[in-house]
Amino acid sequence: TGAITEDGNSPIKAEIFGYKTQSSRKALCIAGYILSCGALLLLFYWKPEWDVWANCIRCSLEEADIVLLRTTDEFRVYSRKTVTWISVSALIRSRSDYPATAGEDSIFSKAIMKPSLQVKSIQVQKIRYVWNICAKHFQKVGALEDHHTCSAIHAKFGSGLTCNEQYVRYALVICGPNTIDVPVIPVWKLLVKEVLNPFYVFQLFSVCLWFAEDYMEYATAIIIMSLLSIFLTVYDLRQQSVKLHRLVESHNNIMVTVCRNKEGFQELESHHLVPGDMLVLKEGKTLLPCDAILISGQCVVNESMLTGESTPVTKTHLPQADNIKPWRMHCAEDYKKHVLFCGTEVIQTKADDRGVVKAVVLRTGFNTAKGDLVRSILYPKPMNFKLYRDALRFLMCLIAFAAIGMIYTVCVFALNGVREVVKKALDVITIAVPPALPAALTTGIIYTQRRLKKKGIFCISPQRINMCGQLNLICFDKTGTLTEDGLDLWGLLPSERNCFQDIHSFPADHSLPWGPVFRAMAVCHSLIVWEGKIQGDPLDMKMFEATNWNEGQGSTHAIVVRPGPKASCAPVEGVTILRQFPFSSALQRMSVIAQEIGGEKQVFTKGAPEMVAMLCRAETVPSNFESKLLLYTAQGFRVIGLAYKSLQAGKQSTDLTREEVESDLTFLGLLIMENRLKKETKPVLEELSAARIRSVMVTGDNIQTAVTVARNAGMISPMSRMILVEANKIPGSFSASITWKPLEENKPEDYRSLLALGSGQYHFAMSGKSYQTVAQHFRHLLPKLLLNGTVFARMSPGQKSSLVEEFQKLDYFVGMCGDGANDCGALKVAHAGISLSEQEASVASPFTSRTPSIACVPELIKEGRAALVTSFCMFKYMALYSTIQYLGVLLLYWQLNSFGNYQFLFQDLAITTVIGVTMSFTGACPKLVPYRPPSQLISPPLLLSVVLNILFSLSMQIFGFVVVQEQPWYSKTNIHRLVGTGLPNTTDQLNYRPDHQLQVDPDASPQGADTLTGVSYENTTVWLLSTINCLIVALVFSKGKPFRQPIYTNWQLSICLILVFADIDDLYSKMDVSIVPRWVFFLLQSHYKCAGIEAVIENRALWLLLKKTFRYHSKSHYKRLQRVLEQDSAWPPLNETFFSDSVAISVEGNMGGHSNPTFDSNEDVF
């Protein structure tokens, strides 16, 4: 027994159990397959764990030839994997230098079993694991070992692998080929998999039974509908398979140049690459076929495929730091600035003094960033939704209900000596369990998907549409989502001699004077010239455009900026950017080393003002720095700090570390950018607030700016107070502190009054750093903070994903809306992720909006609510229709009678199938109401509705069945004897249909074969009552408001109901209904009481009153916490500081959980 925990990007976390195949058990199972005509094999196909338990015995993982994986989530899903053995004896004997090439600490040496010279491996979700003999566990391969230090990577792999080393790594099939192979699944495989679905197997059983009973018409209709459904599903799956194949095929066979130790450069196909290979990146565009660590030179990369952001990203080489820390720990969150990711495009390379741009292959195949993205599509994270779980339970109840009916049928028919008892008993199952139920539920989702598509919202995960109906918390990214994507340069606040100067507004009549501030704006950016245009971050673009300078390429591939035609006079010809330290979200800054042509070298830094000020000499930072910063951030501006210093002559820029460069700086001033709200933002947030749907901002921006934007957008009401939560680790210890401070810039009043406020009248704001510290050291406070947390600023992508998961733990249904850039992880984790970007990264998001506006969020919730209500109504209707028909049939079985085939056909096809299809056409209500539809089938209102309707139907049918026998004209054997006798008032008592006289033999024996479908008063009465009952139930369950439009807007359903309610003589003559007592129509009118029953049951005010009377409270975690905090007068503890214990909870791995593939993923074993 062991455990597997995949990296943070994978949806799988599982336990692993070892099993060994036993011959005697296998022989017994084969006999079982034969004797059961394959039924046992089909059962094992559905339940792989039963297959393993039946065929194998438990053993250690070391001895196992079969392993069973069980996910650790609430679903506990099992999967079976076969252990494969790869012989490497021929390879070892042909390579005399193998021990030297493999390395003692390498997994390649630890995986080979001696003396058999075999490697034991399994494959889980496209990832290969090999058995580590020393550690006694399966270990993931296909990636460079994590323990290498920065200096070790340069020393060991800097010259490239030898041919022997490459051959050993590749030929052992330990790493496998460097391909993301997603073959197009053959149609026959998709067809077989779909046909073996339990639903279709049950339909096959039903159809065979109907053919045996000559119920040809409905059986044929079901076959046609099932084939249509299967072919549509297979076509859709095939299209998805082709689309995914095309997405990855271009990366599987690229010609690359590698450097071989002692043998120089070689050209080879990319599928031969192994971890440790040395890639040589040439000039021009290059598509990366693997993940690689840049060890020399510099690259500009387009990562839009992974991040959804088309801004080019600059990559720098891995430093040659000589320490004992593994390279990833040494680089911390900045490690990805040195990594080139698979699927991205290198658009520029810049060699350093070592000659060429080189990169060491880090990961190959499905271990890469693109491989992780593809795996997230192939193996999506399962979502728990009560509707689907309760639906299975409800079906089990119907099956149990059917079993009772089977016993009743066997007893009645056996006691009366009727033949074909088994067939009639099995028929009860097909009546009690509606075969059309799954198809009907799917139909509603398909129609909703089509309506969303018309509104510009595309869905790749239809099962999540119903979940959108339960959303009660939406997380929004800020920049590009709530605010406009671009920034406008508003002003510059320069600083000289420890004092801020007059603000320089943009656009201005006079240009900026030449000086350090001007030079900082001209060179401190990561812009590049690509395809004749200057491209890069929007903020950098606006800043550089304000200088009126141009950018170009120097003679040594260095970037040179020069005055443009409109630029003011400058005393220099231009400035060369010698080296860049790209922007880091962890460090919150970027720096460049630049040199005036013919002048001295200088360092320029820009970033978060607080961070830049910390790097500056204290005497250069104005004393009113914090108040000025607060002044502008409180107005919603985005503020950037600028600083610089001169470098000593003689120092090579390539030899300097980032720490040396970014120290002892001189503060230059503040760059003020304006980020306007989108016009749709405020109305949408107001609509969500009115519907009692919480809005939360999750951004990478400054906390004060985020708070101001939240206030301006209406996310925080004017009467609510903001409380800043600051948590910091205490230097030199393992403990931390947390403080609550009122964040009120203009109201220096007594904040003790906050204690009297309700929970909805204050909001918490915290930074990503504080969030991570709270998660580590104050885990018990995290739920309390999240309950009123509204603004989360300076959040990294991993922290965004973690935050969404923490909200989900509080039983919130969480939606995430972002522009795709750095939000991919959170979009995948949320119950409903809505991407506003149409880049390839959005392929991982369940929903994508064509228009980059949050107006899609309420539309999606409305459609989700309508789809959820439709699913509930459809389920109730299908369950009631089958139960009504089931009760009627059992009642007629008492007299050895039954419905005729045309009677069944009318109910099954003309009513249920047609109405079931058209019921889903009802659209969503245009207004969001301040409450959600129920989320579970097993709830008192729904159960009460179903039970009362069943009891009402049963009572009506029994009443009609008994009363018709008490009538003076009733005859059991000859129902036509009153016709033409001339008795008075006969026509008042009976509706006579003479055209049906010739269809029944009046001398037929009551025990004859035709009595099961013979015409009788009981048959007519029960069939009419059950049919009208089905129609009334369909009408009642199609009600519109508050979540759907009124029924009359669904013209398809309205026409169907009018047609089936119509009194058509020719139709009834086919239904074996020839004599209809008038008093039956009085009973039919009583069915309208169903509407009254439903109106009472669905009365929300009544249920709220009952809940209040019986003191029922919601069991949701966040609701319980709200009630506790309302009683806690000491919460929130304003202006207080708490300290944690020494022991911290390690959540470093969780912070990157389910994050964008371009972010951290740890090497794991199982």
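Quick reminder: no glycine exception, Cβ is built from N, Cα and C everywhere.
Counting residues 6+ beyond its ends, the transmembrane segment (27-46) has Cβ neighbours under 8 Å at 54-55, 196, 198, 201 in the same chain. Feature annotation from TrEMBL assigns transmembrane segment to 27-46 (among others).
The average pLDDT computed for the domain 'Cation-transporting P-type ATPase N-terminal' (140-215) is 78. According to TrEMBL, the domain 'Cation-transporting P-type ATPase N-terminal' annotation covers 140-215.
Among residues of the same chain six or more beyond the transmembrane segment (218-237), those with a C-beta under 8 A of the stretch's C-beta atoms are 185, 187, 190-191, 194-195, 200, 203, 206-207, 210-211, 435-436, 439, 442, 901, 904-905, 908-909, 913. According to TrEMBL, the feature transmembrane segment maps to 218-237 (among others).
Per TrEMBL, transmembrane segment is recorded for 391-416 (among others). Below 8 angstroms of C-beta separation, residues 424-426, 428-429, 431-433, 437, 441, 875, 879, 882-883, 886, 890, 893-894, 896, 937-938, 1007 of the same chain, each at least six residues beyond the ends of the transmembrane segment (391-416), sit close to that stretch.
Sequence-remote contacts of a segment are chain residues at least 6 beyond its ends whose Cβ falls under 8 Å from one of its Cβ atoms, and for the transmembrane segment (428-447) they are 199, 202-203, 205-206, 209-210, 222, 225-226, 229, 391, 395, 398-399, 401-402, 405-406, 409, 462-463, 465-466, 867, 870-871, 874-875, 878-879, 881-883, 885-886, 889-890, 912-913, 916-917, 919-921. The transmembrane segment feature in TrEMBL is assigned to 428-447 (among others).
The transmembrane segment annotation in TrEMBL covers 878-896 (among others).
Sequence annotations record features per position, and here TrEMBL assigns transmembrane segment to 902-921 (among others). Only residues 6 or more beyond the boundaries of the transmembrane segment (902-921), in the same chain, are considered here, and those with a CB under 8 A from a CB of the stretch are 215, 217-218, 221, 225, 434, 436, 440, 443-444, 447-448, 870, 873-874, 877-878, 881, 885, 1019, 1023, 1026-1027, 1030-1031, 1034, 1037-1038, 1050, 1052-1053, 1056-1057, 1060, 1067, 1070-1072.
Annotation source TrEMBL lists transmembrane segment at 942-964 (among others).
The annotation transmembrane segment is assigned in TrEMBL to 1020-1037 (among others).
The DSSP breakdown of the domain 'Cation-transporting P-type ATPase N-terminal' (140-215) into helical (H, G, I), extended (E, B) and coil residues amounts to 41 helix, 3 strand, 32 coil.
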